[in-house]
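As recorded in Swiss-Prot:
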REGION    1-267  region 'Amidoligase domain'
BINDING   Ser13, Asp148, Ile149, Glu150, Lys188, Thr189, Lys190, Pro191, Thr192, Gln193, Lys224  CTP binding site
BINDING   Ser13, Lys188, Thr189, Lys190, Pro191, Thr192, Gln193, Lys224  UTP binding site
BINDING   Ser14, Ile15, Gly16, Lys17, Gly18, Ile19, Asp71  ATP binding site
BINDING   Asp71, Glu141  Mg(2+) binding site
DOMAIN    292-534  domain 'Glutamine amidotransferase type-1'
BINDING   Gly354, Met382, Gly383, Met384, Gln385, Glu405, Arg462  L-glutamine binding site
ACT_SITE  Cys381  active site, nucleophile
ACT_SITE  His507  active site
ACT_SITE  Glu509  active site
Amino acid sequence: MTKFVFVTGGVVSSIGKGIVAASLGRLFKSRDYSVSILKLDPYINVDPGTMSPFQHGEVFVTDDGAETDLDLGHYERFTDTPMSRLNSVTTGSIYQAVINKERRGDYMGGTVQVIPHITNEIKERIHRVAKNTNPDIVIIEIGGTVGDIESLPFLEAIRQFRKEVGRNNVVYMHVTLIPWIPAAGEMKTKPTQHSVKELRSIGIQPDVLVCRCDRPLQPGLKEKLSAFCDVPVASVIMSQDASTIYQVPLNLEEEGLAQQTLELLNLEPRQPDLSQWRTLVQQMQSPSKQIEVALVGKYVQLSDAYLSVVEALGHAAIATNSVVKIRWVSAEDLENDSAEQHLEGVSGIVVPGGFGVRGVDGKVRAIEYARHHNIPFLGLCMGMQCSVIEWARNIAHLEKANSAEFDRESPNPVINLLPEQQDVVDLGGTMRLGLYPCRLTPDTQTFALYKQEVVYERHRHRYEFNNAYRSLFLETGYVISGTSPDGRLVEIIELPGHPFFIATQFHPEFRSRPSTPHPLFLGFVKASVDYNHVSLDSKIQTHIELVTEENTPSIALG
């Protein structure tokens, strides 16, 4: 029978429940247990697809086209297991399903209430993950903070869940904060005590406490928490801040989190194999070189808006024994300032996805700068569309070339709406979403990186390259290195004679993993490292020449 671990959070939001859930999944997998992780989000949106990146951060897209919380990206990267739409549940989707059932008459005229109808639907979603993927263990992260009114139906549902499936098949894990108070010179447990008290008032007694802290727990603190929260000392787990999130599974393993949880579930503890993971972390912590890459985006004020891009760059950095320092550049700043002012000195430029006209001209200027100065460039989704616009304006000399998304009156809409999107009215869940095949063109840089003819990548867009301009682009030197299998949709472009200039309509960042960096990100980081060396050698040579000139004595001829 499938076992279930529920992860709740207390005291503050953004406590790190997602990383704890993902880390626990990694620890279970290292013991050869199959795992699936489910996120229950208490917001009323049906999914995060229409939410502002400034509020929610990145929208992570699964193979089956679900627009989900960024935590699902952590789940996939840590467990190396693909998630699906079943792994993301929101209050909005729960209420939508219940109301649809009521409209169909499924409740036979009964009064529809939070208990039992909403809670039953929540429990059904949890069971659905277990039935469809049949894992040994399902980890369920409950979004929000204990005490929030929005979380109450989910907490009531998981309270009922243990009674229905059996005490030995469920573990309640509570992630909480142990703050350090400088004035007192000590750590305080009172916030955690109150958080556990709040959980108990709902009918949930946590089995495991995961204590987030910025320094080691002081002597006696675990015993104190054990006494006041009625949790065994061995189940009070320290989770100290780490230099990288990939260190967290190793820290939690040292604290015995997986072993304690497996014992509570009556499962064999087994010996973990974390050798590969330890090697990855060691490589991250001992790089031999550093490069600086500019990320030119619309939402750079919140780095979580580009979380998977940042992680994919990090994965490639591990493989190249380097560290990637990101220079966050607002695309809007490039509309008013010179590109050189913001981009000088970088070894690579990434232009990621986005929606809407704001900042587009800044992205175009960044791409022009990369092309002119032979700086490695990687464009993603809108980044590819902007590279098409840049080429159309500056090389193909198409007057007022633009995307139909940004200028419906453009005489040269080199990016146009997909035909199947013409009659779409709703915004949520209606784009070209999920995994699609892409056929690569032989003898291209892209083909050399992937080393295969057909690849599968995740998409999230409504607009595509306008094929009315394909011949003109090819005539002016553009290379189309990837298309849909029928050749209709342009999916990848590149420029010959450039160290690295590749742009994709899809989002390769969603399929990158710490142990298997995505080929395009790996190629980009390698090219950026090479560019950095060439640039540094050039600067050294210039310095030598200047010094030589300054030290050359002047000779008077007469």
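Positions of Cβ are set from backbone N, Cα and C atoms, glycine also.
Small disclaimer: the values here were computed from a predicted structure and weren't measured.
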**Request:** Have a look at the recorded positions (Ile149, Cys381, Met382) and report the one with the fewest Cβ neighbours inside 10 Å.
**Result:** Ile149
**Request:** Give the number of CB atoms, excluding that of Gln385 (L-glutamine binding site) itself, located within 10 Å of its CB.
**Result:** 28
**Message:** As a test of reading the model: what is the averaged pLDDT for the region 'Amidoligase domain' (1-267)?
**Reply:** 95
**Asked** Which of the recorded positions Ile19, Gly354, Gly383, Gln385, Glu509 has its Cα nearest to the Cα of Thr192 (CTP binding site)?
**Response** Ile19
**Prompt:** Ranking the recorded positions Lys17, Lys190, Arg462, His507 by other Cβ atoms within 10 Å, which is at the bottom?
**Reply:** Lys190
**Asked** In the structure shown, which of the recorded positions Asp71, Glu141, Glu405, Glu509 has the fewest other Cβ atoms within 10 Å?
**Response** Glu405
**Request:** By CA-CA distance, flag whichever of Ile15, Gly16, Glu509 among the recorded positions is nearest to Gly354 (L-glutamine binding site).
**Result:** Glu509
**Asked** Could you give the Cα-Cα distance between Ser13 (CTP binding site) and Glu509 (active site), in whole Å?
**Response** 26
**Message:** If I take the alpha carbons of Glu405 (L-glutamine binding site) and Pro191 (UTP binding site), what is the distance between them in whole Å?
**Reply:** 49
**Message:** Could you state, as a whole number of Å, the largest distance between Cα atoms of any two of Ser13, Lys188, Thr189, Lys190, Pro191, Thr192, Gln193, Lys224, the listed UTP binders?
**Reply:** 24
**Fill in**
The answer, for which of the binding-site residues Ser13, Ser14, Thr189, Thr192, Gln193 has its Cβ ringed by the most other Cβ atoms inside 10 Å, is Thr192
**Prompt:** Got a sec? Which of these binding-site residues, Gly16, Gly18, Pro191, Gly354, has the most Cβ atoms within 10 Å?
**Reply:** Gly18
**Message:** If you count other CB atoms within 10 A of each CB, which of Ile15, Ile19, Met384 wins among these binding-site residues?
**Reply:** Met384
**Asked** Near the ATP site, what residues other than Ser14, Ile15, Gly16, Lys17, Gly18, Ile19, Asp71 in the same chain have a C-beta no further than 8 Å from the centroid of the listed C-beta atoms?
**Response** Gly9, Val20, Ala21, Glu141, Val175
**Complete:** In the three-state DSSP scheme, Ser13 (CTP binding site) belongs to coil
**Message:** For the L-glutamine site (Gly354, Met382, Gly383, Met384, Gln385, Glu405, Arg462), what does the 8 A shell look like? I mean other same-chain residues with CB within 8 A of the CB centroid.
**Reply:** Gly353, Phe355, Cys381, Cys386, Ser403, Ile415, His461, Tyr463
